[in-house]
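S.K.: Sharing a structure, written as C-alpha cells. Questions coming.
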Amino acid sequence: MKWVTFVSLLFLFSSAYSRGVLRRDTHKSEIAHRFNDLGEKHFKGLVLVAFSQYLQQCPFEDHVKLVNEVTEFAKKCAADESAENCDKSLHTLFGDKLCTVATLRATYGELADCCEKQEPERNECFLTHKDDHPNLPKLKPEPDAQCAAFQEDPDKFLGKYLYEVARRHPYFYGPELLFHAEEYKADFTECCPADDKLACLIPKLDALKERILLSSAKERLKCSSFQNFGERAVKAWSVARLSQKFPKADFAEVSKIVTDLTKVHKECCHGDLLECADDRADLAKYICEHQDSISGKLKACCDKPLLQKSHCIAEVKEDDLPSDLPALAADFAEDKEICKHYKDAKDVFLGTFLYEYSRRHPDYSVSLLLRIAKTYEATLEKCCAEADPPACYRTVFDQFTPLVEEPKSLVKKNCDLFEEVGEYDFQNALIVRYTKKAPQVSTPTLVEIGRTLGKVGSRCCKLPESERLPCSENHLALALNRLCVLHEKTPVSEKITKCCTDSLAERRPCFSALELDEGYVPKEFKAETFTFHADICTLPEDEKQIKKQSALAELVKHKPKATKEQLKTVLGNFSAFVAKCCGREDKEACFAEEGPKLVASSQLALA
C-alpha cells in the first residue's frame with residue numbers, strides 16, 4: 001500500500017468514524033422530534049415495545065394506558081416544543097412514566113429501587129433488571145379466537161403481538177419487531193378468510209416464530225458484545241460482516257456504515273428505541289442513495305417501503321466479488337513499511353486488513369475472520385519490536401492455515417454426524433457433549449442449547465461447501481451467546497464464565513476445547529427424575545422430545561463417564577417404554593407398572 005494512499009485512507013477513516021453519516025441536529029424537544037420523524041403509528045409501536053421490554057410482567061392493558069399517555073404528551077410537544085416538560089430527555093420522560101406504575105415494588109421487587117436514582121443511572125438500573133428468561137406461559141395458536149380478535153380490532157391485535165414478543169425478548173431489535181408485526185398481520189389477513197384457518201396459519205406462524213427467534217438471538221449477541229467486549233469489538237464484527245456483504249464498497253464507505261450501524265444497535269440495546277428506529281431509517285436512506293458504490297444487490301431492497309427496506313438491506317446477500325482484487329501479501333506481509341503504518345494508526349491499519357481479508361472470504365465465519373485479524377495483530381506486535389521486522393512478519397499468512405482448518409474440520413465432522421443420525425439424535429449427541437463439558441448448568445438450559453445447536457445442522461449442513469462454515473459458526477455464535485447470557489445470571493462454572501468473557505472471537509473454540517469436567521461430583525440417582533406419566537402421550541412431538549432429552553441430560557449428570565453405547569441403550573429403552581405405554585388402553589397403569597422396571601434397568605445399564 002503506497003504511503004500517500006494510506007494517509008488519505010486514514011483521513012477518510014478517521015472522518016467517517018468521528019462523523020458517520022447520520023444527522024445529529026439538536027432539537028428543543030427530543031420527543032417531538034422523534035414523533036414527527038417516525039409518525040404516530042410507529043411511535044406508539046416502539047414505545048409499547050420499549051415499555052414491554054422493561055416491565056415484562058405488566059398486563060397488556062396497563063402498557064397501552066402508559067403508551068397512550070406518552071403519545072398524547074408527544075402530540076402536545078409536537079404542536080408546541082416549548083410546552084412544559086417537552087425539553088426533557090426521553091430517558092427522563094419514559095423513566096418517570098415507568099415509575100408511576102403502582103405495583104412496581106410488589107411485582108418487580110428490587111427494580112423499584114431504580115426509581116430512586118437519577119438519569120442516566122436510572123436507565124442503566126432498568127437495563128440490569130431485564131430478564132432473558134421470564135416465567136411467562138407458552139403462546140399457542142388458536143386460529144378461530146385469534147381471527148375473531150384480528151377482525152374486531154386489528155390495531156389492538158397487533159399491539160398485543162408486539163407486547164407478547166417484546167416481553168419475552170427484552171433486547172429484541174425494536175424497528176425489526178415492527179417489520180415482523182407486519183408479517184404477522186399479512187398472515188392473518190390471508191388465512192382468516194380461509195376454509196381451514198388452522199392449515200393455513202400454522203405453517204406460516206411456525207416459520208415466523210423461527211425468524212423471530214433468529215432475529216432475537218442476533219440482537220442479543222450485539223447487546224452482549226457491547227456489554228462484555230465494548231464498542232470496538234462490535235465494530236470489528238460489523239467490519240468483517242459488511243466487508244463480506246459489500247466487497248465492492250471501499251473501506252471508507254464500509255467504515256461510515258459500520259459507525260452508524262453501531263450507533264443504531266447501541267441505542268436499541270440501551271432501550272432508546274425511538275432514536276434507534278429513526279437513525280436506522282436515515283442509514284437505510286443513505287445506503288440506498290449510495291447503492292451504486294456499495295452493492296449491486298440493493299436495488300430490490302431500496303424500492304420497498306421503510307420497514308421492508310431496512311429489513312431487506314440487513315438480510316441482503318453478498319455482492320459478487322470484484323474480479324480485479326490483488327493478492328493481500330504485497331500490502332500486509334511484504335511491504336517494508338508495515339510497522340510504520342501499524343504504529344502510526346493501529347486501528348485503521350488493522351481495520352483495513354480485516355476489511356481486505358473479509359471481502360475476499362465470504363466462505364469464512366465472522367469469528368474466524370476476527371481470529372485471523374487477532375493473530376495478524378499479535379504477529380505485528382511481536383515482529384515490530386524485533387531487529388528485522390520484515391523478515392519476521394513475512395510468513396504471517398502461513399499462521400492463518402491452522403486457524404482455517406480447525407473450524408472446517410469441526411464442521412465436516414459435525415455435518416457427517418448430522419447426516420448419519422438426523423436432527424433429533426444429533427441434538428442428543430450435543431446435549432450429551434455439553435452436559436459433560438458443563439454438568440453444573442441447569443438441565444432446561446442444556447436441553448435448550450443442545451436443541452438449538454442441533455438445528456444448526458438442519459440449517460447449514462445441506463448448504464454448498466462454501467457456505468457451510470460461515471452458516472455453522474455464525475449460528476453457533478448465537479447459540480453459545482444464549483448459554484452465556486443465561487449463565488451470567490446464575491453462574492455455576494468458572495470454565496463457562498472464562499469462555500464467555502475472555503474473547504468474542506475465541507468463544508466457540510474455547511467451548512469446543514472444553515473436556516469432561518473431572519472436578520464435578522455426579523448427581524445422586526433419583527427415581528422420580530425418570531418417572532413419567534400418561535400425560536406425555538398427548539404432548540406435541542417437540543415437547544415429548546424435550547422430556548426425553550431432559551432425562552438424557554440427567555443421566556449424564558448422574559454418570560458423566562457413561563459411554564455412548566450405554567446412553568444409547570438407556571435412551572432406546574426409554575423410547576420403547578413410552579411407545580409401549582402410550583399404545584395401551586390403560587396408559588397410567590402401564591406407566592406405574594413399567595416405570596420402576598425401566599428405572600432399575602437404566603441403573604443396571606449405567607453401572
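If you go along the chain as it appears here, the first residue is 1 and each next one adds 1.
Note that Cβ sites are derived from N, Cα and C of the backbone, with glycine treated the same way.
Note that the coordinates shown come from a computational prediction; the quantities given were computed from them, not determined experimentally.
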S.K.: Can you tell which of Asp37, Asp502, Asp517 Swiss-Prot lists as binding Ca(2+) 2 with Asp278, Asp282?
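M.R.: Among the candidates, Swiss-Prot records only Asp37 at this Ca(2+) 2 site.
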S.K.: Given Swiss-Prot annotates Glu267, Asp272, Glu275 as Ca(2+) 1-binding, which of Glu30, Glu506, Glu515 belongs to that site as well?
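M.R.: That Ca(2+) 1 site, as Swiss-Prot gives it, pairs Glu267, Asp272, Glu275 with Glu30.
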S.K.: So Cys383 is in a disulfide according to Swiss-Prot. Which of these is its partner: Cys392, Cys415?
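M.R.: Recorded disulfide partner of Cys383 in Swiss-Prot: Cys392.
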S.K.: If you have Swiss-Prot open, could you say which of Cys191, Cys268, Cys269, Cys276 makes the disulfide with Cys223?
M.R.: Cys269
S.K.: Given Swiss-Prot annotates His270, Asp272 as Zn(2+)-binding, which of His91, His129, His133 belongs to that site as well?
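M.R.: As annotated by Swiss-Prot, His270, Asp272 share the Zn(2+) site with His91, chosen from His91, His129, His133.
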S.K.: Looking at Swiss-Prot, which one of Cys276, Cys301, Cys302 makes a disulfide with Cys288?
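M.R.: If we follow Swiss-Prot, the cysteine bonded to Cys288 turns out to be Cys302.
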S.K.: Around Cys288 (disulfide bond), how many other C-beta atoms are within 10 angstroms of its C-beta?
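M.R.: Excluding its own Cβ, the number within 10 Å is 17.
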S.K.: Check each residue in the chain of Cys114 (disulfide bond) that is at least six apart in sequence and keep those whose C-beta is under 8 Å from its C-beta; list them in sequence order.
M.R.: Gly95, Cys99, Arg122, Cys125, Phe126, His129
S.K.: Compared by Cα position, which of the disulfide-bonded residues Cys276, Cys484, Cys510, Cys581 is the closest one to Cys312 (disulfide bond)?
M.R.: Cys276
S.K.: Are any of Cys115, Cys191, Cys581 (the disulfide-bonded residues) within 10 Å of Lys587 (N6-succinyllysine) when you go C-alpha to C-alpha, and if so which?
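M.R.: The disulfide-bonded residues passing the 10 Å Cα test are Cys581.
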S.K.: What are the sequence-distant neighbours of Cys581 (disulfide bond), meaning same chain, six or more residues apart, C-beta distance under 8 angstroms?
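M.R.: Once residues fewer than 6 apart are set aside, Cys581 (disulfide bond) is near Ala534, Cys537, Lys587, Cys590, Phe591, Glu594.
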S.K.: Reduced to three states, what secondary structure does DSSP give Cys99 (disulfide bond)?
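M.R.: Once the DSSP labels are grouped into three classes, Cys99 (disulfide bond) ends up as coil.
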S.K.: Check the Cα-Cα distances from Cys383 (disulfide bond) to the disulfide-bonded residues Cys268, Cys269, Cys500 and tell me which is shortest.
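M.R.: When the Cα distances are compared, Cys500 comes out closest.
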S.K.: Restricting to the same chain and to sequence separations of six or more, state which residues have a Cβ under 8 Å from that of Ser442 (phosphoserine).
M.R.: Thr490
S.K.: Please report the Cα separation of Cys301 (disulfide bond) and Cys415 (disulfide bond) in Å, rounded to an integer.
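M.R.: Distance between the two Cα atoms comes out at 33 Å.
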